[in-house]
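Data block below; observations after.
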Amino acid sequence: WIIFYFFKSFQYPLPWSECPIVKNGSVAVVETECERSSATTYFWYRETLDISDSISESGGLNWKMTLCLLVAWSLVGLAMIKGIQSSGKVMYFSSLFPYVVLVCFLVRGLLLRGAVDGIMHMFTPKLDKMLDPQVWREAATQVFFALGLGFGGVIAFSSYNKQDNNCHFDATLVSFINFFTSVLATLVVFAVLGFKANIMNEKCVVENAEKILGYLNTNVLSHDLIPPHVNFSHLTAKDYNEMYRVIMTVKEGHFKELGLDACLLEDELNKSVQGTGLAFIAFTEAMTHFPASPFWSVMFFLMLINLGLGSMIGTMSGITTPIIDTFKVRKEVFTVGSCIFAFVVGLIFVQRSGNYFVTMFDDYSATLPLTVVVILENIAVAWIYGTKKFMQELTEMLGFRPYQFYYYTWKYVSPICMAVLMTASIIQLGVSPPGYSAWIREEAAEKFLFYPTWAMAILISLIILASLPLPLVFILRQFHLVSDGSNALSVTNKKGRMMKDISNLEDNDETRFILSKVPSETPSPMPTHRSYLGPGSNSPMEMSSAPNGRYGSGYLLASTPE
């Protein structure tokens, strides 16, 4: 979608700035669907998605979106094919460029009329929303996505760090940058939404002022109801609101028949959009009012391409790195195969009903299973592996003991908070049946529809499939159907290629071995690279100890990726 909008931005005026004109015989008229909604909404739903009226109506493939999907996966494949060295260079650009664009947008946004109204609205708390568990579930999911928690991408990238890397500083820095970026992006969004709300409010005032003038000319309303200082040729929102209140008071019995709107700025600001609508409807509409709008549009969608590419590099690394290192498949072949497979599966999203499937996958395939994964990761480290043991390892790595605050957070606060959140989410899903917002062409408006039975079956399958590897792998390892790499640790002398198998270590000795504190052996110098080689791997490595035993996670130290 972003790629489609990016290429459409290289023209003036922007194609979503005004409604298309269609010929009805010899008469040229504005497209009805566009006239009843707005130019940006029409361009999104009709020109871009060519959306069907419900999830049950496939409508076939949208060829424009299919081509853009192919371009998107080609970009991801090219970025991934060179591995961590290439993606590191790509990350420098894809991470820093959005900040440049966001700062430019913030400066431009603050100069727009009404930007302050939007920012004030942003910082005004709404207690009723804060009591809604759905808000907290989405907030938690946003944090998981923003930090890459539960996906494996963080683990894949960290496998290339040195063993004495200061992960405490990294975690603090990344969390701070994430928070700062979120606030910066939100300021930009609300500054632009404040500007848009003012534009829409002025439009509302003009339309309703014309209605009042019509009622005055037809003697439906008396001229005595209009305050003397009101000038219809330069009508402000304040003057209109005063006039509106007077008419509403005097014509109380017949006021509804007049069809006048209050035209309150607060109401426009409360018409918040989320998800795809924010980028492709609200932001695009605001940009049509910017001077040199194509420039800002190109910058905005180039920024989104960078953000999407950056996210996909991390997500794909979490998938490809363990498989490539464990099964020794060729990186180029596996990456290309993965991208082709992903493109084929992605064809479900580029049907005319594809947007509804995107909503389904976005709402249910990632959020609940992701929360489950993060809870189980937390429990595995804090309770099964042991927080004390984990703290001891961190002390060995960092050279200082982490704050006691982390101990209680990992062991008690985090799992309890996430468990409560997950329980509330499950209850909410059970109470209110899942549904989606469908675009109805005849009404030129969104309508909330419930998922049909077959879609509910897919939805439940998505949640189960995303969570299935957890119990499945546990059962397979519990009954020794697959190797978990326990009680075996291979160390190879680089010169002599001499293998040394260490089996049936005592509990204390094994723990000390993992911590590079094995009696009779001193830790060897840190290698420059560490690869994820998977459970039970016997690949060559430097004469260094690595946690691949009962408590190990399958990371081995190596001087080269091979």
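Any Cβ shown, glycine's included, is placed from N, Cα and C.
Just so it is clear, the model here is predicted, and its values are computed rather than measured.
The Na(+) binding site annotation in TrEMBL covers N178, L307, S311. Over all protein chains present, the Cβ of L307 (Na(+) binding site) has 17 other Cβ atoms lying within 10 Å.
Per TrEMBL, compositional bias 'Polar residues' is recorded for 536-547.
According to TrEMBL, the region 'Disordered' annotation covers 517-553.
What TrEMBL records for 96-116 (among others) is transmembrane segment.
The annotation transmembrane segment is assigned in TrEMBL to 139-160 (among others).
As annotated by TrEMBL, transmembrane segment applies to 172-193 (among others).
Annotation source TrEMBL lists transmembrane segment at 295-321 (among others).
Summarising the annotation, TrEMBL assigns transmembrane segment to 333-352 (among others).
What TrEMBL lists as transmembrane segment is 364-385 (among others).
For 405-431 (among others), the entry in TrEMBL reads transmembrane segment. Here the transmembrane segment (405-431) has long-range neighbours at 133-134, 136-137, 140, 367-368, 371-372, 374-375, 378-379, 381-383, 387-388, 390-391, meaning same-chain residues at least 6 beyond its ends whose C-beta is under 8 angstroms from one of its own.
What TrEMBL lists as transmembrane segment is 451-476 (among others).
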Dominant neighbour of the transmembrane segment (139-160) in 172-193, 295-321, 364-385, by Cβ pairs under 8 Å:
295-321
For the transmembrane segment (172-193): best-contacting stretch of 96-116, 295-321, 333-352, 451-476, by Cβ pairs under 8 Å:
96-116
Cβ neighbours within the same chain of N178 (Na(+) binding site) - under 8 Å, at least six residues apart:
V143, A146, L147
Positions whose Cβ lies under 8 angstroms from the transmembrane segment (96-116), at least six residues beyond its ends:
181, 184-185, 187-188, 191-192, 194-199, 265, 290, 296, 299-300, 302-303, 306-307
Taking a Cβ cut-off under 8 Å, which residues six or more beyond the ends of the transmembrane segment (364-385) line up next to it in the same chain?
137-138, 140-141, 144-145, 149-151, 410-411, 414-415, 418-419, 421-422, 425-426, 429, 434, 459, 462-463, 465-467, 470, 551
Across all the protein chains here, work out how many other Cβ atoms are within 10 Å of the Cβ of S311 (Na(+) binding site).
17
